């Protein structure tokens with residue numbers, strides 16, 4: 001009924017995919033698929049292998065420059081423009097880093113000196129290997145908590161007392177200037193370690209082994225290009241994980257705030273158990289610690305709020321934490337708060353560096369599983385912050401190199417008694433707001449930490465632990481404020497809000513690692529459920545246009561006579577096949593299988609009636625039964641399936657479309673497909689949907705819904721004229 005112009009393909013004949021389109025003049029043309037050039041994958045892989053295995057001076061130079069990006073940008077460093085901003089931001093971050101490093105040692109269950117080591121080495125290594133100019137890599141509360149949970153568990157299994165005030169023993173890993181420490185040593189045979197090793201020695205051994213394995217995982221992920229793993233951590237999962245972990249961190253610090261001594265809880269449900277112990281021992285609260293905590297929190301929160309309100313007027317943020325620590329240390333020292341009021345203090349923080357030591361292999365085996373979530377979380381936070389800064393300041397980062405950088409920020413420092421690191425959001429934001437231009441600022445921050453390590457560390461002896469707990473709790477403001485965003489989040493997307501709630505609850509009430517796993521699995525299940533029961537609808541025509549929309553969502557849509565247009569808003573695959581068929585039958589009010597059975601039974605009863613048998617098995621008269629089985633008149637003669645939302649088909653999906661094609665054909669109803677993407681079309685062709693050699697493809701596949709509807713209307717009108725039916 002329509003004339004199709006031939007397409008000039010030149011001297012080369014190519015198979016045409018007959019996709020029908022109409023313009024204003026009602027003429028048609030064909031869209032032509034490009035010819036795919038067959039690629040010899042074996043030759044391509046061999047060529048890539050030869051190229052990657054070849055070694056030339058130029059290639060070696062590029063490899064070194066890529067592995068150490070500092071060699072590319074440092075020679076081009078613009079001293080006059082960059083140095084002032086880098087020095088200022090480096091000093092500010094260094095000043096903030098020192099009190100935070102000491103405070104976060106409480107989370108990791110380690111002495112403050114190890115936190116300072118971690119901050120120093122991480123800044124130096126990221127300066128050499130990182131591709132982000134602004135991100136601040138170092139000690140991070142969430143990572144410290146994950147390390148601390150593993151350390152506490154292993155200490156408990158080794159038979160140590162988790163009470164912070166229990167005597168610590170020094171083995172060969174102890175600091176030189178604490179060798180005369182009055183402590184008890186333990187003879188241990190744990191995980192193959194048969195050495196005289198105390199609580200602190202064993203704790204840092206666990207932490208360094210965990211850090212080394214996490215770094216190895218990150219480097220392996222970089223080698224095998226496994227950065228896509230981070231895609232499974234959605235924003236809702238990460239936010240929920242961070243908020244749940246923040247509740248755990250807050251709970252772990254309450255005992256320091258009020259100065260009570262309770263056992264450090266381990267295992268699932270740590271948050272609930274800790275709060276029960278807190279309320280049981282609340283009568284033992286140290287009044288000095290309570291007053292100190294109240295004053296410190298009030299000062300820190302007030303300073304933070306004022307800083308946020310007037311940050312556009314301040315050239316750099318106020319070093320409130322450092323001021324609070326200095327003042328609190330002086331008051332504690334001269335007021336003799338530890339001796340008079342039994343307030344818990346940080347104790348001796350030695351100076352200098354410990355000789356490097358290889359992490360113990362047997363301990364690595366014990367923490368190999370724990371290192372995996374640690375590696376993933378550390379990498380995801382680092383890359384996310386790096387991409388955020390790169391987008392804001394218009395430069396690019398290399399995610400794979402970032403994975404190598406954060407991996408070596410864990411591997412190398414683990415030999416120097418450091419634990420796991422990551423990029424930290426708060427310090428990164430401070431860094432960008434204080435004029436940071438490059439990672440030279442990281443070197444400046446490392447020098448500030450080095451100054452403390454070499455000379456100033458002993459001055460913090462009298463610093464109360466409740467002050468450190470206050471600094472940690474106030475730093476959680478951002479994560480805890482996520483609770484205020486729940487109504488807005490719920491208004492935007494209910495499913496994402498549910499993912500956030502489930503991840504947050506699991507992270508807080510079970511454990512951080514289990515919470516992360518629960519969040520990932522639950523978010524995937526939500527995606528599966530969305531595709532299993534997607535939105536389905538019938539479409540109507542927008543008046544006087546060639547567009548079609550959901551007739552339940554929009555008013556004044558025109559129905560097309562004798563045509564049903566069905567939209568399925570998800571991929572069609574094995575898991576949602578039944579839902580696809582049920583929705584189609586329900587919306588079109590026609591189940592072809594039931595209708596075919598009805599017609600078959602009707603014909604059989606009709607034949608019996610002709611033979612003179614006027615009764616049926618159920619006792620009804622034949623005429624009454626026959627009237628019940630009269631096939632209903634179909635109100636449509638064509639079904640158009642809008643495939644614009646079907647991203648792919650599997651074998652079950654193709655067979656499902658073939659099934660409805662056959663079933664509706666038996667009822668003289670045509671099935672047309674519209675808006676198929678190339679991958680769906682290819683799946684249909686491979687599955688034989690269009691018959692042999694795709695001969696009927698032009699009559700079954702259309703570029704748009706509007707192309708399919710007039711085509712079928714013309715066919716139906718001609719069919720009615722031939723058979724003598726009158727259209728009403």
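Cβ atoms here come from the backbone N, Cα and C positions, even for glycine.
As recorded in TrEMBL:
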| type | residues | note |
| --- | --- | --- |
| DOMAIN | 553-712 | domain 'STAS' |
| TRANSMEM | 82-104 | transmembrane segment |
| TRANSMEM | 124-147 | transmembrane segment |
| TRANSMEM | 201-220 | transmembrane segment |
| TRANSMEM | 240-258 | transmembrane segment |
| TRANSMEM | 363-383 | transmembrane segment |
| TRANSMEM | 404-426 | transmembrane segment |
| TRANSMEM | 438-456 | transmembrane segment |
| TRANSMEM | 500-529 | transmembrane segment |
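At the 8 Å Cβ cutoff, the transmembrane segment (201-220) and the transmembrane segment (82-104) share fewer than 3 close pairs (sequence separation 6 or more) and do not count as touching. Within its own chain, the transmembrane segment (124-147) has Cβ neighbours under 8 Å at 67-70, 93, 97, 100-101, 104-105, 107-109, 115, 118, 207, 210-211, 242, 245-246, 248-249, 252, 370, 373-374, 377-378, 381-382, 385-386, 389-390, 393, 395-398, 401-402, 404-406, 408-409, 412-413, 419-424, 427-428, 430-432, 436-440, 442-443, 445-446, 472, 475-476, 512-513, counting only residues six or more beyond its boundaries.
Stretch with the largest number of CB pairs closer than 8 A to the transmembrane segment (404-426), among 82-104, 240-258, 363-383, 438-456: 363-383. Counting Cβ pairs under 8 Å to the transmembrane segment (363-383), the top-ranked stretch among 82-104, 240-258, 438-456, 500-529 is 500-529. Tallying C-beta pairs under 8 angstroms between the transmembrane segment (240-258) and each of 82-104, 438-456, 500-529 places 500-529 first.
Mean pLDDT, taken over the domain 'STAS' (553-712), works out to 83 on the 0 to 100 scale.
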